[in-house]
Amino acid sequence: MYVSKTGGIRYCGMDYTKVLNISLQSDYMLKKLSVLNAGNPRTFDPNFKGPVANRNCTDVLCCIIFMLFIIGYILLGLIAWVHGDPRKVAFPTDSQGHFCGQKGTPTENKSILFYFNLFSCTSPSVMVNLQCPTTQICVSKCPEKFLTYVETQFPYKKDKRSWTYFSQFCKSPFSKPEKTLSQMLMDDDCPTVIFPSKPLLQRCFPDFSYINGTLTVGNKTMFEDGKGRTRNAAELRTAAKSINKILDAKAIGVKVFEDYATTWYWILIGLTIAMLLSWIFLILLRFTAGFLFWVFMLGVIGIIGYGIWYCYREYSNLQGHQTSHLTIYDIGIQSDISTYFQLRQTWFIFMIILSILEVFIILTLIFLRNRIRISIALLKEGSKAIGYVPSTLVYPVLTFILLSICISYWAVTAVYLATSGVPIYKIIAPDGQCKHENKTCDPEIFNTTEISRACPGAQCIFSFYGGKTLYHQYINTLQMFNLFVFLWLINFVIALGQCALAGAFASYYWALKKPEDIPPYPLFTAFGRAIR
């Protein structure tokens, strides 16, 4: 502070008057802040449970809607259980609507479906009606040799062995081959010919094989169809493919179900082992998080490096092959994936992709090493939190159980809904010329109706399961509702688990002194708070 030439007092280069004004303004602001300060600072209270200890439910309306949907979902399952019949999926059905292989029925020992005239399955009506226009019966085994109806008639009086074998594939009680071929065809009692077959998806399919590159069935390329015509194996394969188109979707579902039914205990063992290994891994993270992380990353880099070397080796080995110079564009789309592995271009593309991935991982580790250190520290802290709240290790098991219940309920309800129809029979004519074709019919009285006389050869064959009631008309809508509530419940269970675990770890995080300030049963408290 000094006196200027003009006589004014200056303080650090500023006029004293300005300094005084600033000081007065500062005093005013301090007084104003002291007025706004409503008491002394709050001291730490370990028993403080938040601004509101007793919280009420939020989003009551959404909760009510959710509960109504769950009640409706339960009612849907009960209705589907009353009307559904899973046997319609588990067993094939013959032309009369009987289940093949069902216990306690005449077809108990006949678990395989047999088609009288497989050639009729090439009719265009197959894809419209989703049914082959021929009689289908349940048999105990598939034919193992060629035999026609006419061939069994002549030696019948002297040798009944041929007829005894052939009659297994006829309608019962057709016991003697006394009818003429035309009369037998009109009454539709037997097939005109049987040929070597094998069971596939509980249905008899021709036993195809190749001999010197030629397609055969039962070691024959040509055979009699029992009606005076000569057929070849290629025609028979075309008919079999038509049936396969109908069965493809069902085959996948049945295969998945059968695999699950035979391996469910191995699945549980695998899940248990995975859970134990996960627990061990989480415990080790507390002490060796950095080591495990770098071992994992080096392992990934090593595996990708081995992949690059392997691709280069295959690329070099194919250099002298004749077709290896072709490109993927040259050969187009191939059903045999191994074809692409015979091209140098394929291995070159794999090598480039793996090299780019390898460089990307290495550069990421170099330039983000500081963030990686932070991530490792978080992993250690997370493992430490699990050590203080060990119940969080068990909670994922509860989530798994709830998810399993949701998935099982949805799958069972979907199956019962899909099989809740009644047998629907339709008129099917082999030549497709009947004006009544595709109309519903009653198989018990069909042969006595005018339609059977107006359309010779037409049959009343089981088509599908359905119905005309209000319930059956809205089956697809109910299936959509089943899927919607299933997805809702799945996401609810996952979100509930996330909220419960987040609340438990928040109790650990905000505890000043660990573990003294961690509240008792933090996971159960957080779970109750989440569902509330």
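Backbone N, Cα and C define each Cβ position, glycine as well.
Those TrEMBL annotations? Automatic predictions, nothing curated.
For 60-82, 264-284, 291-309, 347-368, 388-412, 485-511, the entry in TrEMBL reads transmembrane segment.
Between the transmembrane segment (60-82) and the transmembrane segment (347-368) there are fewer than 3 Cβ pairs closer than 8 Å, counting only residues 6 or more apart in sequence, so the two stretches are not in contact. Long-range contacts of the transmembrane segment (388-412) within the same chain, counting only residues at least 6 positions beyond its ends with a Cβ under 8 Å from a Cβ of the stretch, are 73, 77, 271, 275, 279, 282, 482-483, 486, 489-490, 493-494, 496-497, 500-501, 504-505, 507-508, 514-515, 518, 521-524. Here the transmembrane segment (347-368) has Cβ contacts under 8 Å with residues 297, 300-301, 304-305, 307-308, 311-312, 314-315, 318, 341 of the same chain, all six or more residues outside its ends. Here the transmembrane segment (291-309) has long-range neighbours at 281, 284-285, 350-351, 354-355, 357-358, 361-362, 365, 372, 375-376, 379, meaning same-chain residues at least 6 beyond its ends whose C-beta is under 8 angstroms from one of its own.
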